[in-house]
């Protein structure tokens, strides 16, 4: 779908890396100037995620989570560390991961790994994670690389583990962003890619109370 929009994959990825290297390692930087929505975002994510966690048949454990495109650890700090015993972070920008060590404060001792790597190359350890959280980063992957990454994530899950994708969705088709070298896909495109990865959408919700001028944001739980 995005092949006509992304002619050179190497340039697509390198431009994104350069873009993020110029972004300040702050919450506002992570959210493109919309730092004020952070609490709304986290509260919505927590409400969504807690439906799946706990004891009993089919419930997802709370041992270890992976924060993909983690940046300085905003989601790790406010969503994942309060719910999981340990968390790993992966991000393509080393400066963000360095900042995360201080931003997370005392709770940083429960972060086991900081992986500096693009998701197109990242290989989760098999059967390590109860939840793999992927937020505002899939637009930096080509269709094929997103499918391959989701397949690798599936093998990285523990029994009853869960992959959560939370991201902007376009109203129709695929919209390129030449500023940060990304694409925004509509829900039908995203659903097809999830299916190609051999995963099922078990829950899907739209984030409420975000500013009207930004893209709709949807959260998908995958198994």
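Positions of Cβ are set from backbone N, Cα and C atoms, glycine also.
Feature list (source: TrEMBL):
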BINDING   69, 74, 91, 92, 93, 119, 120, 135  S-adenosyl-L-methionine binding site
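For the binding site of S-adenosyl-L-methionine, formed by 69, 74, 91, 92, 93, 119, 120, 135 according to the record, the largest Cα to Cα distance is 22 Å, rounded to a whole number. With respect to Cβ neighbours within 10 Å, the binding-site residues 74, 92, 93, 119, 120 differ, and 120 shows the lowest count. Taking Cβ-Cβ distances under 8 Å and a sequence gap of 6 or more within the same chain, the neighbours of residue 135 (S-adenosyl-L-methionine binding site) are 45, 68, 69, 75, 164, 165, 166, 167.
Note on residue 91 (S-adenosyl-L-methionine binding site): other Cβ atoms within 10 Å of its Cβ, all shown chains, come to 25. Around residue 69 (S-adenosyl-L-methionine binding site), taking its Cβ as the centre, 25 other Cβ atoms fall within 10 Å, counting all chains.
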